[in-house]
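Taken straight from TrEMBL:
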- 6-120: domain 'Longin' (DOMAIN)
- 135-195: domain 'V-SNARE coiled-coil homology' (DOMAIN)
- 197-213: transmembrane segment (TRANSMEM)
């Protein structure tokens, strides 16, 4: 069965809509929602290039599609047919683009299209029972193929993002440290130059001053 549905903008991970009644029958629903938000965050950083993917997490699977810089994601039981999950997302995508396509880029607050929940709930009901003639027909639709959609583990997907972040942070830290080192090196060179030539400059100044004073006297 379909358990959770969330829609977010890929460019910055901003949540745009979700099923308001979702997760009521899911133990630790908030935990899985946090995983979804972490996944959206990774996608906004460009850590996953696939436009369609399934991500296993505990007894469930996240399925998502990305189109028009929007990610449509649902969480289903592992036993729920992958083909139906992606056709459910396609239905959401088509309606969301039709209703809000020209407003996605300008959305400035989370859940700006929360009214889309009405369509989510209505569509989810159509996909809950896999034994209806409608869904059996969809399962037998040979034109809609999902075998090539990659399936990965949530720790692997989120872990890749964390490792890339660590590399990025380390690179930034090394760059910052190298700049500090370069500044310190310049200061040390300046101090060494002053220490080396300051006595000479003082002696030279005294000689010039004595020569000037002698010239004044005579």
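Quick reminder: no glycine exception, Cβ is built from N, Cα and C everywhere.
Keep in mind that TrEMBL annotations are predicted by a computer and have not been checked by a curator.
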Please average pLDDT over the domain 'Longin' (6-120) for the predicted structure.
-> 91
Pull the DSSP breakdown for the domain 'Longin' (6-120) and write it out as helix, strand, coil residue counts.
-> 42 helix, 30 strand, 43 coil
